[in-house]
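Residues or ranges marked as active site in Swiss-Prot (evidence: similarity to another entry): HIS74, ASP120. Residues annotated as Ca(2+) binding site in Swiss-Prot: TYR54, GLY56, GLY58, ASP75. Taken from Swiss-Prot, the feature disulfide bond covers CYS38-CYS98, CYS53-CYS145, CYS55-CYS71, CYS70-CYS126, CYS77-CYS119, CYS87-CYS112, CYS105-CYS117, and the record attributes it to similarity to another entry. Per Swiss-Prot, the feature signal peptide maps to 1-21.
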Amino acid sequence: MTPAHLLILAAVCVSPLGASSSRPMPLNLYQFKNMIQCTVPSRSWWDFADYGCYCGRGGSGTPVDDLDRCCQVHDHCYNEAEKISGCWPYSKTYSYECSQGTLTCKGGNNACAAAVCDCDRLAAICFAGAPYNNNNYNIDLKARCQ
């Protein structure tokens, strides 16, 4: 092994990516996170990952409030995007722009990317307009989401 190969191997092993114990975030979720941070800079995007009955993985029952309803609509939007041939919203990346809290899905996205971008954009805008109730974070799904 040449010194150059050893240097590259060492860089990968000690880099933040190589040393990370957490799984990498799918690129689409990373983009959605950034959209949320664009429209709601005052809150951590993580606050929306386990909120109500629909924000986070899955979803069932009646949304607990307007913010949870934003997530329910987002879930349905992804379901519609999945009807586009070969479209998997959770891994589909897209081109967009955030400028002073305004999100724009760029032209040039294919049909799937355009649909997913619009789903994420509308959800992030909805989050910005809905009140956040701390009592609806990390709720008992079995008790409240029937």
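Note that Cβ sites are derived from N, Cα and C of the backbone, with glycine treated the same way.
Here the features listed in Swiss-Prot are placed on the structure.
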residue: TYR54; record: Ca(2+) binding site; Cβ contacts under 8 Å, 6 or more apart: PRO63, ASP68, ARG69, CYS71, GLN72, HIS74, ASP75
residue: GLY58; record: Ca(2+) binding site; Cβ contacts under 8 Å, 6 or more apart: none
residue: CYS70; record: disulfide bond; Cβ contacts under 8 Å, 6 or more apart: CYS55, ALA123, CYS126, PHE127, ALA130
residue: CYS87; record: disulfide bond; Cβ contacts under 8 Å, 6 or more apart: ALA81, ALA111, CYS112, ALA115, VAL116
residue: CYS119; record: disulfide bond; Cβ contacts under 8 Å, 6 or more apart: HIS74, CYS77, TYR78, ALA81, PRO89
residue: CYS145; record: disulfide bond; Cβ contacts under 8 Å, 6 or more apart: GLY52, CYS53, GLY59, SER60, GLY61, THR62, VAL64, ILE139
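Applying an 8 A CB threshold to same-chain residues 6+ apart, the list for CYS117 (disulfide bond) reads TYR94, SER95, TYR96, CYS105, ASN109.
Taking only the Cα positions, the spacing between GLY56 (Ca(2+) binding site) and ASP120 (active site) is 13 angstrom. Counting other CB atoms no more than 10 Å from each candidate's CB, the disulfide-bonded residues CYS53, CYS77, CYS112, CYS126 peak at CYS53.
Across the fold, the C-alpha of CYS98 (disulfide bond) and the C-alpha of ASP120 (active site) stand 12 Å from each other. Between the C-alpha atoms of CYS38 (disulfide bond) and ASP120 (active site), the distance comes to 12 Å. Within 8 Å of the centroid defined by the CB atoms of TYR54, GLY56, GLY58, ASP75, the record's Ca(2+) site, lie the Cβ atoms of CYS53, CYS55, ARG57, GLY59, SER60, CYS71, GLN72, excluding the listed residues themselves. Secondary structure at ASP120 (active site), taken from DSSP and collapsed to helix, strand or coil, is helix. For ASP120 (active site), the same-chain residues 6+ apart in sequence whose C-beta sits under 8 angstroms from its C-beta are ASN28, GLN31, PHE32, MET35, HIS74, TYR94, TYR96. When the recorded positions CYS38, CYS55, CYS71, HIS74, ASP75 are compared by the number of other C-beta atoms lying within 10 angstroms of their own C-beta, ASP75 comes out lowest.
Of the listed disulfide-bonded residues, namely CYS98, CYS105, the sparsest CB environment within 10 A is found at CYS98.
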